[in-house]
Amino acid sequence: MAVLDKSSPPRPAAARVAGRPAVRIGPFSVVWRPRTVLVLGIGLAVLVLAMALNIGRGDFPISVGEVLSVLAGGGDAGQRFIVMDLRLPRSLTGLLVGAALAVAGAITQSIARNPLASPDMIGFTAGASAAAVAVIVLGGGAVEFLGAAGLPVAALVGGLLSAFAIYGLAWRRGVHGFRLVLVGIGVNVTLTAVVHWLLVVAGITEAARAYVWLNGSLNGRGWDHVVPVAIALAVLVPAALLLAHVLGGLQFGDDTARGLGIPVDRSRTALLVVAVGLASVATASAGPIAFVALVAPQISQRLVGSARPPIAVSLVVGAALTVVADLIARTAFGATELPVGIVTAVLGAPYLLFLIARYGREARG
Amino acid sequence: MAEHGVLTPVAPPPVPGSLRRRRLLGLALLVAVLVVCCLASIAVGAKAIPLEGVWHALVNPTGTEDDIVVRSLRIPRTVVGLLAGAALGLAGALIQGHTRNPLADPGLLGINNGAALFVVTGIYAFGVTTLVGYVWFAFAGALVASVAVFVLGSVGRGGPTPVTLALAGAAVSALLAALTSSVILIDVQSLDAYRFWAVGSIAGRDTAVVGQVQWFLLAGLLIGLVGAPALNALALGDDVARSLGHSVLRTRVFGIVAITLLAGSATAACGPIAFVGLVVPHVVRAVTGPDYRWLLPASALAGATLLLAADVIGRVVVRPGELQVGIVLALVGGPFFVWLVRRRKMVAV
């Protein structure tokens, strides 16, 4: 579902796309790709089912059908309270956070042309972790102004600051993808050391609390966590989809992209702002949930068979992955509730390994 | 061969005099700085010991308080720092060479996360709480993780390529980190012990710790250094190396073995120490050029220097407490790395 500008150059897969009809709206055109639509449809179905299951299961079980009827406006008062006030906001937070992380990952991986360059690997969320752990561990005093504003705000401020620091430090007559990654690694290492130091000087209770946050948790998330992520997604995802056609050209390298008429620096800056915004808001709401930003775009790319991570499919896959992970984290171990980030890693990692093994064979033909 | 006069080996073109001078000068300077760092590491600490005292303790100890501090605390700590730093520096140069990726560091093979999981398991399930007790768990974990990464990165028919190794490393690392986290979140006591191991430190390491890892370290140093000429050929690409008569697979397997031994024993002795393996080869390459016969030994020396210098700094900055060497390295090394990236184009491997 690539959004192509009319004047943009033929994409690498042009030979295959040639026979396909294009849907044109104004200056934009969308190539009709049945496989992408199919993957999107299946992804959405899985997502809805996982949401319904996740909302239904718990100490007070509600069947999938009843959940759907409550969402449609039916159900008794008790069910309405449990679904609308307790479980739906948590699941929605998971859905939105997963979607935001996946889109951010798809953008950074495309810009750096490196499957490992997810926002958390290149330091975009390290500032959020450092700020949040500082608030948890140090409490008032030095970080009072951050603490007073609440953990999510502190994490948001920290994440944005670290991202802008990375961008500023990587700027030298334009931001080169490779330099951005390297600077990001440097900043990431530094901020991670700060987190480690805070964990060592902390009392054990604060350290344990900080550790739960660091693993990414959806526990106790309510509507006040849903709204900011929803607003960020509503603004930033359309922007990402509109800018996405540039990514196709950037895949060829800066010089070629410039030769094809793409304003390389401007587009890249805009895309990075979108990615940083999404990743920071998501991390502020639920902590740095591992691996979604890395693995969801890679899974989507292979499901669709495209040359780079597709944004719309990544969004759905990331959301589905996070909601399924939350379902498992909540219910699989009885009374013990794991942070969702642990489950996303345990689910995502073997799948990535499987893909690598298959990819190796495909590549040899 | 020679009698046909066709395949007579041609003498390699002479190394330009200026480069040779620069390499020798750089190496001499490095050794001098390393000696200074060693002496500083013995002299500086909660109890400062003057150089005469250090000399006294080293040459003819008579059992004074200074002698005991030097011989039972400072020297073992310095030796651990020296060995671990050299191992990490060399392992970093090796993995950057084998993956032809200037961003690779030994952590890429999952070594740190494997060691962490086994240490946490040791704490949680077997009640291990001593530094000496951690060593074997950490080493076993490092070994298991790197073997897993190498095997999983090689299952594609193309064998171990830099990209599949990097992806497999990331996936295995994430999985191991998640398992570590779940143990820690279940048991607060494990978290309490683990968080002090996880920062990476050479404080409190005694001769027993050195004794446990020294042979693995020495074997790793030897295997790593011997592979330098083959690594030079590999830098030209797999096909060229093969046509020059090198077995690419054998070179790579020996390389991974050396990296695992080096980084595994360093992590076992000190806990995970980031950054030495990543940044040292970059700095050294600027002086020695890309020839691995120079780059590898110089990286080992520079790694040892960096680790000891960082440890001494950590003892001074937050008196009367200490900042762990892993934290100092990241706090100083991170900005330095950023500066390095900004200053010039990174030399390609």
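Along the chain as shown, residues are numbered 1 onward.
Every residue gets a Cβ built from N, Cα and C, even glycine.
Predicted automatically and left uncurated, TrEMBL annotations should be read as such.
The transmembrane segment annotation in TrEMBL covers A:37-56 (among others). Using a Cβ-Cβ cut-off under 8 Å and counting only residues 6 or more beyond its ends in the same chain, the transmembrane segment (A:37-56) has close neighbours at 1, 62-64, 66-68, 83, 87-88, 91, 94-95, 300, 303-304, 312-313, 316-317, 319-320, 323-324, 326-327, 330.
Annotation source TrEMBL lists transmembrane segment at A:92-112 (among others). Cβ atoms under 8 Å from those of the transmembrane segment (A:92-112) belong to residues 47, 51, 54, 118-119, 122, 124, 177-178, 180-181, 218, 221, 225-226, 229-230, 232-233, 236-237, 240, 247, 250-251, 268, 271-272, 274-276, 278-279, 281-282, 285-286, 289, 292-294, 296-298, 300, 308-311, 314-323, 325-326, 340 of the same chain, restricted to positions at least 6 beyond its ends.
Sequence annotations record features per position, and here TrEMBL assigns transmembrane segment to A:124-143 (among others).
Here TrEMBL flags A:149-169 (among others) as transmembrane segment. Beyond the ends of the transmembrane segment (A:149-169), by six or more residues, the same chain brings 122-132, 134-136, 143, 175, 180, 183-184, 187, 191, 213, 225, 228, 269, 272, 276, 279-281, 283-285, 287 to within a C-beta distance below 8 angstroms of the stretch.
Feature annotation from TrEMBL assigns transmembrane segment to A:181-205 (among others). Nonlocal intrachain contacts for the transmembrane segment (A:181-205), taken as residues 6+ away from its ends with a CB within less than 8 angstroms of a stretch CB, comprise 112, 114, 117, 121-124, 126-127, 129-130, 133-134, 136-138, 162, 165-166, 169-170, 211, 214.
Feature annotation from TrEMBL assigns transmembrane segment to A:225-250 (among others). Residues 2-5, 8-9, 11, 89, 92-93, 96-97, 99-100, 103, 107, 110-111, 113, 152, 256-257, 260, 262, 264, 267-268, 270-271, 274-275, 277-278, 281-282, 284-286, 307-308, 311-312, 315 of the same chain lie 6+ residues outside the transmembrane segment (A:225-250) yet bring a C-beta within less than 8 angstroms of a C-beta in it.
For A:271-299 (among others), the entry in TrEMBL reads transmembrane segment.
For the transmembrane segment (A:311-328), same-chain residues at least 6 beyond its ends with a Cβ under 8 Å from one of its own Cβ atoms are 1, 36, 39-40, 43-44, 46-47, 50-51, 53-54, 57, 90-91, 94-103, 105-107, 218, 237, 240-241, 244, 289, 292-293, 295-297, 299-300, 303-304, 340, 343-344, 347-348. Residues or ranges marked as transmembrane segment by TrEMBL: A:311-328 (among others).
Positions annotated as transmembrane segment by TrEMBL: A:340-360 (among others).
Only residues 6 or more beyond the boundaries of the transmembrane segment (A:124-143), in the same chain, are considered here, and those with a CB under 8 A from a CB of the stretch are 104, 108, 151, 154-163, 165-166, 184, 187-188, 191-192, 194-195, 198-199, 201-202, 206-207, 209-210, 213-214, 275-276, 279-280, 283-284, 287-288.
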